[in-house]
Amino acid sequence: MSQSDXRSGXKAREEALEQWVEERKKKRIAEKELRRINKKIKKLEDENPWLGNVVGMLRKKKDEEGGPPAKRARREDMEIDSTPGRKSKARGFTDQERRDHRRRKALENKKKQLAGGGKNLSXEEEEELRRLARDDDERERRVAGPRPGGVNPMXGPPRGAPGGGFVPSLQGVPESPFSRTGEGIDIRGTQQFP
């Protein structure tokens, strides 16, 4: 390798180094500028909470363009045996009522979460929540599930297997065995088993 080759090699290296230093300097300045802009945006969003809704709408639009597919609604058509022992459907809720109730609860949760960040539901969601709440309040009060009364109701024949079945009935038995009179569990052996 001659002297001139070594000189041109060193010159090329110097130029590359200068360019590298220059570009890194530009990068540092750009990053500093970006941090300043982000700070300014955050300050604007903090001072004007309504901007959060705009950001949400922009994100939503971006997701619609090429985001993941939306969640499919849960399907409610599970097969049910129609045995004679099933409780009548009059006590239960219709599928539409269940869907409405679930949607109302979801909207209420969303409202709470947004309120934590100083944001609000969109006008359509707010209107839908009001409508669902009104429908829920106007609906006739019912309770899902079995009839009240427990395993051994006070009145009527005991439910379950003959001879006690689930547990001996302890209704009407005072807590202390020493103050107790009347029926209940035989602890002294003077009565028969209830």
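Cβ from N, Cα, C; glycine included.
Predicted, not measured: the structure shown is a model, and the values here were computed from it.
Some features that Swiss-Prot has for this protein:
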- 128-143: compositional bias 'Basic and acidic residues' (COMPBIAS)
- S2: phosphoserine (MOD_RES)
- S122: phosphoserine (MOD_RES)
- S176: phosphoserine (MOD_RES)
- T181: phosphothreonine (MOD_RES)
- 12-59: region 'Dimerization' (REGION)
- 45-194: region 'Disordered' (REGION)
- 96-106: region 'RNA-binding' (REGION)
- 129-194: region 'RNAPII-binding' (REGION)
- 135-145: region 'RNA-binding' (REGION)
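For S122 (phosphoserine), other Cβ atoms within 10 Å of its Cβ number 13. Mean model confidence for the region 'RNA-binding' (96-106) is a pLDDT of 90.
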